[in-house]
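A.B. asks: A single structure is presented below for examination.
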Amino acid sequence: MPFVVVSGLSGSGKSTALRALEDAGFFITDNLPPELWGAMYDLSKARGLTRVAVSTDARTRDFLSALDDSYIRLSRREEDLHTLYLEANSEVLLKRYNFTRREHPLGETLMVDFARERELLAPLRAIADTVIDTTDLSATDLAERVLRLFRLEHDFHLRLLSFGFKHAPPRDADLVLDVRSLPNPHYDPVLRPRTGLEREVAQYVFQNQAGEDFYANLRDFVRTSAERARDTGRHGYTVAIGCTGGQHRSVAVASRLAADLRDLNVDITDHRDMKAGTRE
């Protein structure tokens with residue numbers, strides 16, 4: 001069972017690293033003192049957890065006294081034990097703290113806190129398998145580094161959802177797209193009672209080059225957005241496509257996207273507001 005200990009300087013990105021591991025399927029616990037690592041390991045085994053990550057830092061004031069013993073005991077029980085230590089230069093840490101207006105856990109002046117924290121955490125840095133300097137890394141870059149570090153693989157599913165704006169956009173979508181600029185079959189008496197799943201309706205929606213160009217740009221944007229989500233460790237990504245009523249244009253676009261983006265593992269195409277309530 002992979003057991004990852006994440007530590008490092010306050011403001012260096014521990015929360016970002018822990019969230020990346022959580023998105024990749026790890027059970028995470030924040031600010032767990034070393035003397036509880038063994039108990040956490042036992043509980044995880046008992047509950048059948050397959051991946052566990054914990055973080056620890058200088059807020060656990062007496063953690064150094066238990067560090068060596070806790071680490072040695074755990075390493076004897078679990079071969080797949082990893083320790084990740086994050087750091088950054090003091091100037092960057094200061095900027096991050098000033099931006100978030102947070103207080104340092106040691107509670108002194110920031111530059112003094114950084115120096116003291118480096119000293120306190122030096123033993124943990126010494127036993128780390130990997131040290132990452134996050135000075136020049138964005139949160140996304142760090143998350144990608146963490147996932148690559150542990151060679152994490154995960155199933156990714158793209159969910160496509162068509163809807164009508166007059167029924168309100170879905171609240172759980174990661175990306176909401178408006179396709180109301182496409183030709184509207186509602187104004188054709190023959191096509192009005194039909195749906196975007198039917199070939200004649202789709203042909204009407206994409207009847208001119210402007211519509212084809214619009215779709216091509218939208219498709220490429222959805223692909224880029226979904227791939228970015230996948231590469232940063234997300235397990236799923238929901239794209240909602242909206243027209244006025246959710247009967248014609250959004251359905252046609254969602255269905256076409258499902259066919260064109262098959263390689264992204266389209267999990268389900270849900271036509272929320274289509275009269276028949278059809279699901280593909």
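Cβ from N, Cα, C; glycine included.
Sharing the record's features from Swiss-Prot:
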type    : residues                                             : note
BINDING : GLY8, LEU9, SER10, GLY11, SER12, GLY13, LYS14, SER15 : ATP binding site
BINDING : ASP57, ALA58, ARG59, THR60                           : GTP binding site
A.B. asks: Out of the binding-site residues listed (GLY11, SER12, GLY13, SER15), which are within 10 Å of ASP57 (GTP binding site), Cα to Cα?
C.D. replies: none
A.B. asks: Applying the rule Cβ within 8 Å of the centroid of the Cβ atoms of GLY8, LEU9, SER10, GLY11, SER12, GLY13, LYS14, SER15, what extra residues of the same chain belong around the ATP site?
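C.D. replies: Going along the sequence, the neighbours come out as ASP57, LEU86, GLU87, ALA88, LEU93, THR134.
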A.B. asks: Given the binding-site residues SER10, SER12, which one is most crowded in terms of C-beta atoms within 10 angstroms?
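C.D. replies: In terms of Cβ crowding, the pick is SER12.
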A.B. asks: Sort out the sequence-distant neighbours of LYS14 (ATP binding site) for me: same chain, 6+ apart, CB within less than 8 Å of its CB, listed by position.
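C.D. replies: Within the chain, LYS14 (ATP binding site) has Cβ neighbours under 8 Å at VAL6, SER7, GLY8, SER55, ASP57, LEU86.
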A.B. asks: By the DSSP assignment reduced to helix, strand and coil, which category contains SER12 (ATP binding site)?
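C.D. replies: DSSP call for SER12 (ATP binding site): coil, neither helix nor strand.
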